Amino acid sequence: VIRAKVVGKKLMKDGPFGTMRYTVKQTKMYRGFQIMPHVQYIYTEASESLCGVKLEVNKYQYLITGRVYEGKVYTGLCNWYEKWDRLTLSQRKGLNHRYHLGCGCKIRPCYYVPCFATSKNECIWMDMLSNFGHSGYQAKHYACIQRAEGYCSWYRGWAPPDKTIINATDP
């Protein structure tokens, strides 16, 4: 998990459809130090139809998640990537202070109700009910963290007040 600016891209002629290699200037690494302390390149499929992502060069800083395979960092449409300035304050705080508290937790998406946790280390992700996914309210404002009792539950960090709701409290 890194914050980075894309400074270059090159189509690699590997595989039947090619791979896009983005050169990045890493600003911060949130996770993955043990595997790869610094990321210089991000690889993705060359085509969006093959789950490749399109990142703009020299325009934005991005939050990019992915996986390391044979010493290379890969990302795709199933990974979380977002322009940094589009992240909510809760998401930014989560990256720095909260998300690591949920490493022992599993997030289970709920596609239709009713949904129930099957173990104490699960958080049920309800954003999938409305097809919002990563851009849904729960993803933008909550973090799944493990409590002292060993149970995982959603935690809402500080966020700017919603002016359309009066006298509302967080669950």
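Every residue number used here counts from 1 along the chain in the order it is shown.
In case you wondered, yes, glycine gets a Cβ from its N, Cα and C as well.
Bear in mind that the values here come from a model prediction, so they are computed numbers and not experimental data.
As annotated by TrEMBL, disulfide bond applies to Cys105-Cys152, Cys110-Cys115, Cys123-Cys144. What TrEMBL lists as domain 'NTR' is 1-103.
Counted within 10 Å of its Cβ, the other Cβ atoms near Cys144 (disulfide bond) come to 23, all protein chains included. Within 10 Å of the C-beta of Cys110 (disulfide bond) we count 14 further C-beta atoms, all protein chains included. On a Cα basis, Cys152 (disulfide bond) lies 15 Å away from Cys115 (disulfide bond).
Of the listed disulfide-bonded residues, namely Cys105, Cys115, Cys123, Cys152, the sparsest Cβ surroundings within 10 Å are found at Cys115. Here the Cα atom of Cys105 (disulfide bond) is found 7 Å from that of Cys144 (disulfide bond). The average pLDDT for the domain 'NTR' (1-103) in the predicted structure is 90. Annotated pair Cys152 (disulfide bond) and Cys110 (disulfide bond), C-alpha to C-alpha distance, rounded: 16 Å.
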